[in-house]
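Working notes, structure below.
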Amino acid sequence: MPADIGATSAQFISYVVFCILSLPFIWIPPHRLQKFFYFASGVTIIFFLTLLIWALVTMGSGGFGTTLSPESATLPTGGPKSIGWLITLGIISTMGSIAAGILNQNDLARFAKQPGSAIWGQAVAFPLYSIFSSVLGILVVAATQKRFQGEAIWNPPTLFVRLLEMDDSAGTRTAIFFAGLALCASQLGINITSNALAGGIDLASVFPRYINIRRGAYITAILSPVVNPWRLVNTATTFLSVLSGYSIFLAPMSGLMTASYLVVNKQKLKIDDLYRGNSESIYWYTWGINFRAPVAWIVGVAPCLPGFVAAVDKSVSVTNGAAEMYYINYLYGFLSSATLYILLHWIFPAPAVEAFVREAPSSREIQRYYCDRWDIPLAETLQTLKEDFKVKSSKKRYQ
C-alpha cells in the first residue's frame with residue numbers, strides 16, 4: 001500500500017474483511033440483535049479480564065512502567081497543560097467516547113418494554129464498564145511497558161503484533177488468534193449499533209419515502225471508507241482528539257434534544273405529527289425549518305473549534321483560553337446550546353407547539369394514549385394509517 005494511505009496492506013485487508021463480516025448482521029432487524037449483544041458483551045468481558053490477568057502474571061520483577069509512576073512528575077501549575085486541565089481533558093474525552101451513544105441511544109432504547117426500562121441499565125452499566133475498562137487499560141499498559149523498552153502501547157492490536165514479534169511460537173499465535181476473535185465480536189457489536197444502525201435510522205428519517213433502516217445502514221457501510229477510519233486510531237493522542245471531536249459537534253445536539261423535550265415540549269409530543277412532512281404538522285415551524293436549532297448549535301460549536309484545530313494540527317497555536325475552551329467542549333456545548341434554544345423559543349415562540357403543550361393532558365397520559373394507539377400488529381398499523389388517510393382526504397375534499 002502507498003505510504004500516504006496510513007495503513008499497511010495487511011491492515012487494510014483486515015479492515016475490508018471486517019466490513020464484509022459486518023454486512024450480514026446489518027440485515028438483521030435491530031430488535032432481534034439482543035442475543036448477539038449478550039454474546040459479544042460476555043466475550044468482551046472474559047477477554048479483557050484474561051488480558052489483565054496475563055499482563056499482571058507475566059509482568060516480572062520489574063513491576064509497572066512509568067505509566068503509573070512517571071519518572072518526572074513536574075507539570076505546569078497554570079494554563080492548559082496543568083494537572084487540573086489535563087484531568088478535565090481526560091474527563092471530557094471520556095464523555096466524547098460515548099457522545100454518539102448518548103445522542104443515538106434512543107434508537108435502541110425505543111425497543112424497551114416500558115419508557116423507563118432502559119434507564120437503570122444505562123445508569124448502572126455505563127459507570128461500571130467505563131471505569132472498569134479505563135482502569136484495566138491503564139494496568140495492562142503499565143504491566144507490559146517495561147518488556148517493550150518503556151514504550152506504552154495503548155492499542156490492543158498493536159500490542160498483539162509486538163508480542164508476535166517477540167515470540168511467534170504456536171502458543172502465542174493461538175492465543176492472539178482467539179484474542180482477535182474476541183476483539184472482532186466486540187467491535188461488531190459497536191459497529192452495528194453505533195455506526196450502521198445509527199446512520200440507517202438517520203437516513204430513513206430524512207428520506208422515509210426511499211430509504212428504510214436496512215437500506216440506510218447499508219448506505220452508511222458503503223460510505224464508511226471515505227473517512228479513512230483506520231487513521232483515527234493510529235496513536236493514543238490521535239484517538240483522544242477524535243473522541244474530543246465527537247463532543248464538539250454532538251454535545252450541542254444532545255443539549256438541543258434535552259431542552260426541546262424537557263423544557264420546550266414539557267415531555268409532551270404529538271407523535272403522529274412527527275411523521276407529517278407538511279404544514280399540517282405542529283412541528284413544521286417556518287417552511288419546515290426550526291431556525292432556533294441550527295443557531296443554538298452553531299453557538300455551541302464555534303468557540304471550541306480553534307482549540308480543536310490546534311489539538312489535531314500541532315503546527316497551529318492558539319491562546320490558552322481557546323485551548324481551555326476546547327478542554328470543556330462537552331459541558332460548554334451542551335449547556336450553551338440548550339440554554340440558547342430555550343431562550344429563542346421564549347423570544348420567538350412556535351404558536352402551534354405552545355398551544356399543544358398548554359392544552360394537552362399530562363405527559364404520562366399522552367404516552368399511554370400513543371402506546372395504546374400504535375402498540376399493535378403491523379397489519380392493524382397499516383389499516384389505521386389507511387383509515388387516517390381516508391378521513392383526511394374526505395375532509396380536504398369537502399372543505
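In case you wondered, yes, glycine gets a Cβ from its N, Cα and C as well.
What TrEMBL records for 12-29 (among others) is transmembrane segment.
Per TrEMBL, the feature transmembrane segment maps to 36-57 (among others).
Counting same-chain residues at least six beyond the ends of the transmembrane segment (83-103), those with a Cβ under 8 angstroms from any Cβ of the stretch are 75, 126, 130, 134, 194, 198, 240, 243-247, 250-251, 253-254, 257, 324, 327-331. Annotation source TrEMBL lists transmembrane segment at 83-103 (among others).
Here TrEMBL flags 124-144 (among others) as transmembrane segment. If you look at the transmembrane segment (124-144), the same-chain residues 6 or more away from its ends with a CB under 8 A from one of its CBs are 48-49, 51-52, 55-56, 58-59, 64-65, 67-68, 94, 97-98, 152-154, 159.
What TrEMBL lists as transmembrane segment is 175-204 (among others).
Same-chain neighbours of the transmembrane segment (216-233): 6-7, 11-12, 15, 19, 22-23, 26, 155, 195-204, 239, 242, counting only residues six or more beyond its ends whose CB sits under 8 Å from a CB of the stretch. TrEMBL lists 216-233 (among others) with the feature transmembrane segment.
Same-chain neighbours of the transmembrane segment (239-264): 89, 92-97, 99-100, 102-103, 154-155, 232-233, 293, 296-297, 299-301, 304-305, 308, 311-312, 326, 329-339, 341-342, 345, 353, 357, counting only residues six or more beyond its ends whose CB sits under 8 Å from a CB of the stretch. Residues annotated as transmembrane segment in TrEMBL: 239-264 (among others).
Look at TrEMBL and you will find 284-310 (among others) tagged as transmembrane segment. Sequence-distant contacts of the transmembrane segment (284-310), counting only residues of its own chain at least 6 positions beyond either end whose CB sits under 8 Å from a CB of the stretch, comprise 241, 244-245, 248-249, 251-253, 255-256, 276-278, 316-318, 322-327, 329, 332-334, 336-338, 340-341, 344-345, 348, 350, 352.
Here TrEMBL flags 330-348 (among others) as transmembrane segment. The list of residues near the transmembrane segment (330-348) in space but at least 6 beyond its ends in sequence, with Cβ under 8 angstroms from a Cβ of it, reads 92, 95-96, 99, 247-248, 251-256, 258-260, 263-264, 292-293, 295-297, 299-301, 303-304.
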